[in-house]
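**Student:** Got a structure here, written out as structure tokens. Questions coming.
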Amino acid sequence: MSDSGEQNYGERESRSASRSGSAHGSGKSARHTPARSRSKEDSRRSRSKSRSRSESRSRSRRSSRRHYTRSRSRSRSHRRSRSRSYSRDYRRRHSHSHSPMSTRRRHVGNRANPDPNCCLGVFGLSLYTTERDLREVFSKYGPIADVSIVYDQQSRRSRGFAFVYFENVDDAKEAKERANGMELDGRRIRVDFSITKRPHTPTPGIYMGRPTYGSSRRRDYYDRGYDRGYDDRDYYSRSYRGGGGGGGGWRAAQDRDQIYRRRSPSPYYSRGGYRSRSRSRSYSPRRY
């Protein structure tokens with residue numbers, strides 16, 4: 001009886017110990033579970049915060065890039081629009097000439113049919129023709145105020161055209177009708193009214209006209225060496241630009257002629273040396 005009681009008492013103690021141990025273990029586990037859950041939640045929160053920060057940074061970078069590209073495109077478009085508007089304004093401003101000569105009437109009549117005046121333009125002259133020769137020819141038609149041959153500034157040679165100033169318009173008309181087409185020094189000259197009344201800036205080139213069949217080969221070769229390819233259609237547009245047509249440029253040409261005659265030798269020479277100018281002058285007026 002005593003043995004069975006002791007055995008039962010031992011079983012009870014072991015059960016109680018196991019219960020207490022299980023209870024103690026369950027208490028420990030119960031104590032440790034909230035700490036672990038808290039650490040997991042903290043790690044999740046930190047991860048979510050880091051993700052949100054990275055996402056916000058990437059979003060801010062994207063937005064800044066978009067804003068930068070938009071601002072650059074806007075600035076470029078603004079610059080382009082400003083440059084276009086500036087170029088348009090510049091074209092509008094400079095489309096019309098602001099020179100004081102543009103508002104004035106520079107020509108008397110048109111190039112095809114100039115109005116009659118006292119100044120005649122003589123074109124297609126030879127290099128050997130002088131102002132004295134022209135005066136002898138045109139003085140038959142009336143009193144002459146002055147005769148001016150236009151010379152090149154660099155070479156000091158005749159540019160192949162001159163201006164004859166009459167005192168009367170009627171005499172100029174008669175001289176134009178009679179002397180136009182006349183052969184002078186082996187050249188068939190052209191005579192017409194001058195359309196300019198003020199001098200122009202000289203341009204390089206010599207108007208020599210068209211040689212006639214009676215001129216010698218040496219003279220043709222000499223004259224062609226200074227010809228710049230002018231034809232009869234350009235005698236207004238090019239010849240007048242170089243000479244100071246019709247009412248102010250003849251004095252400068254006369255001064256240049258005097259200086260050229262005083263300082264430089266005579267241009268009438270040939271390949272063999274100096275050639276005297278004692279040649280017979282003959283001009284044939286136009287037959288009616």
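Heads up, the Cβ atoms here are built off N, Cα and C, so glycines get one too.
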**Student:** Say a student had to find the asymmetric dimethylarginine annotation in Swiss-Prot: which of Arg88, Arg92, Arg241 would be the correct pick?
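**Tutor:** Out of Arg88, Arg92, Arg241, Swiss-Prot attaches the asymmetric dimethylarginine annotation to Arg241.
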**Student:** Can you dig through Swiss-Prot and tell me which residue of Ser64, Ser102, Ser215 is labelled phosphoserine?
**Tutor:** Ser215
**Student:** Can you dig through Swiss-Prot and tell me which residue of Ser20, Ser87, Ser155 is labelled phosphoserine?
**Tutor:** Ser87
**Student:** Based on what Swiss-Prot says, identify which of Ser14, Ser63, Ser81 is the phosphoserine one.
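**Tutor:** When Swiss-Prot is consulted, phosphoserine appears for Ser14.
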**Student:** Could you give me the DSSP helix, strand and coil counts for the domain 'RRM' (118-196)?
**Tutor:** 22 helix, 31 strand, 26 coil
**Student:** If you average pLDDT over the domain 'RRM' (118-196), what do you get?
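**Tutor:** That region's mean pLDDT is 93.
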